[in-house]
Amino acid sequence: DCPSDWSSYDQYCYRVFKRIQTWEDAERFCSEQANDGHLVSIESAGEADFVTQLVSENIRSEKHYVWIGLRVQGKGQQCSSEWSDGSSVHYDNLQENKTRKCYGLEKRAEFRTWSNVYCGHEYPFVCKFXR
């Protein structure tokens with residue numbers, strides 16, 4: 001089972017953190033919460049719906065984005081997008097922008113679309129680990 005304050009879906013535990021951090025700091029924070037903790041990866045439409053609901057229930061502020069664990073890695077033609085937990089992107093809901101390398105759920109779209117945002121901005125975030 002998941003610890004108290006965490007929500008479960010499938011084989012994973014999730015928690016929205018309202019503290020605002022950069023993508024890197026949020027990923028580091030998630031890794032400190034559990035052995036295989038990371039910013040959330042979203043690997044199916046069902047999981048996307050679950051995460052959207054969780055974020056909507058927890059984030060009431062005017063912050064425009066909530067970090068997820070997706071970041072464009074590498075330079076130029078060698079770019080690949082992968083989740084911070086190492087899983088590859090099979091399910092996606094991306095809005096592209098070449099200069100912004102990290103992804104967040106966009107409040108304006110009710111946290112349903114993934115928009116790329118400058119990684120140094122500070123936003124709330126969602127952590128995930130396998131239970």
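Backbone N, Cα and C define each Cβ position, glycine as well.
Among the features that Swiss-Prot reports, domain 'C-type lectin' is placed at 1-131. Annotation comment: Swiss-Prot describes Cys2-Cys13, Cys30-Cys127, Cys102-Cys119 as disulfide bond.
Swiss-Prot feature annotations superimposed on the structure.
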| residue | record | Cβ contacts under 8 Å, 6 or more apart |
| --- | --- | --- |
| Cys2 | disulfide bond | Ser8, Cys13, Tyr14, Arg131 |
| Cys30 | disulfide bond | Gly37, His38, Leu39, Gly69, Ser84, Phe125, Cys127, Lys128, Phe129 |
| Cys102 | disulfide bond | Trp23, Trp67, Leu70, Arg71, Val72, Asn116, Val117, Tyr118, Cys119 |
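Each residue in the domain 'C-type lectin' (1-131) has a pLDDT score, and their mean in this model is 85. For Cys13 (disulfide bond), the count of additional Cβ atoms within 10 Å of its Cβ stands at 20 [all protein chains shown].
Within 10 Å of the C-beta of Cys119 (disulfide bond) we count 18 further C-beta atoms, all protein chains included.
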